[in-house]
Amino acid sequence: ELQNTLDPLAHRPTAQIKTLLVKKYRSSDYAAKARARIREISGIEGLVIEKKHSGEAKWLTQLSTLTNRSFVNMSRDLGYYWLRIAIYVALSICVGSIFFDVGTNYNSILARGACGGFISGFMTFMSIGGFPSFIEELKVFYRERRNGHYGVAVYILSNFLSSFPFLTVMSLSTAAITYYMVKFHPGISHFMYVSLDLISSIAAVESCMMMIASLVPNFMMGVIIGAGYIGLLMMTAGYFRLLPDLPKIFWRYPVSYINYGAWALQGAYKNDMVGLEFDGFIPGGPKLKGDVVLTSMLGIHLDHSKWWDLAAVIMILIAYRLLFFIILKFKERVSPLFRTLYTWRTLQHMKKRPSFRKTSAFPSKRHQVLHSLSSQEGLNSPIH
């Protein structure tokens, strides 16, 4: 009681006490020293205090970091590219030895077509072997994307840039071995076209596989769907069935026109046979020009250049990457709605279960009112 009597703030409200303390501090020596120190620090030249408007790194920084990390992961994973490069080299040596120095006789026309069909078909088909790595990489992307570390576009571009050196090594090794062992059309420009055509084709297949990997729930389903899809593309590429002979409805229009393999194979045939002359069916007969062989035997039209065929493959590659981008953005927008719908349906299903009902679904002795044995026998209970 004595302490409460001597304390002048004992009977004042809290708000009034706070106001009084602030007023006392502003007029004190501590406040004056603090203001002087702030003016002294603010007068230092070169001291700029910047505000961070966002926690995200710049777009180029994100691209550089993701590309470097993806490249390191690809180079460390033996099965991602290194094993495939070794298989490519081994198969290229096998193809080169089988079609070694194929020549320009009449039988070599079919041999050149078969070799070109194998290279542009099966060599690109082996890109399906990267499916396990694609699935694992997408898992990392989904987790980091939910945390807001980077965008979809920068991820897709970084994935392509990091894989491009490996695709180049694969394509150049295959092209160099097969080109010089089989002895295709000589010339550095022809060799460069073969390399570019193979790089674009393998990149298109990888983009297609990435797109399929983003749609399937597991690795096994992705391999099955990817193998079936590439099988359809191989059948309509123009080797097993010539393009003019394909059924016009669906297979010729539009499948063969959106098939990277059809454009790649046409370009490869033109690159090899245009300008060459082959022996006729009858020994000593007139020579067959490569243009005639293309149009009459292989069903290849010469109304456009081989570079247009290469441009078509590159456009299909870009289209696959754009579809991959659209799929990822669509899943990002729609996934919350599907999760909400799934949760709602699960709750509705659980409410129908007997253990979650407020009343019992069927008569049970557990839910009946309990009575003493004496009352059930018609006797009075001792406790009443």
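Using N, Cα and C of the backbone, Cβ positions are placed for all residues, glycine too.
All annotation found in TrEMBL is predicted automatically rather than curated by experts.
Note that this is a predicted model, so its numbers are computed, not measured.
Taken from TrEMBL, the feature domain 'ABC-2 type transporter transmembrane' applies to 61-271.
Taken from TrEMBL, the feature transmembrane segment applies to 81-102 (among others).
Taken from TrEMBL, the feature transmembrane segment applies to 114-135 (among others).
The annotation transmembrane segment is assigned in TrEMBL to 155-182 (among others).
The transmembrane segment annotation in TrEMBL covers 194-213 (among others).
Sequence annotations record features per position, and here TrEMBL assigns transmembrane segment to 219-242 (among others). Only residues 6 or more beyond the boundaries of the transmembrane segment (219-242), in the same chain, are considered here, and those with a CB under 8 A from a CB of the stretch are 113-114, 116-117, 120-121, 124-125, 128, 131-132, 134-135, 205, 208-209, 212-213, 251, 255-256, 259-262, 264-266, 298-300.
The annotation transmembrane segment is assigned in TrEMBL to 307-328 (among others).
Among the features that TrEMBL reports, region 'Disordered' is placed at 355-384.
Here TrEMBL flags 371-384 as compositional bias 'Polar residues'.
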Do at least three C-beta pairs under 8 angstroms join the transmembrane segment (194-213) to the transmembrane segment (81-102), pairs 6 or more apart in sequence?
-> no
What parts of the chain pack near the transmembrane segment (307-328), using Cβ distances under 8 Å and only residues at least 6 beyond its ends?
-> 152-153, 155-156, 160, 193, 196-197, 200-201, 203-204, 207-208, 210-211, 214-215, 258-260, 263-264, 266-267, 270
Report, as numbers and ranges, every residue of the chain located at least six residues beyond the transmembrane segment (81-102) whose Cβ falls under 8 Å of a Cβ in that stretch; write 'none' if there are none.
-> 74-75, 108, 111-112, 114-115, 118-119, 122-123, 126-127, 129-130, 163, 166, 169-170, 173-174, 177-178, 180-183
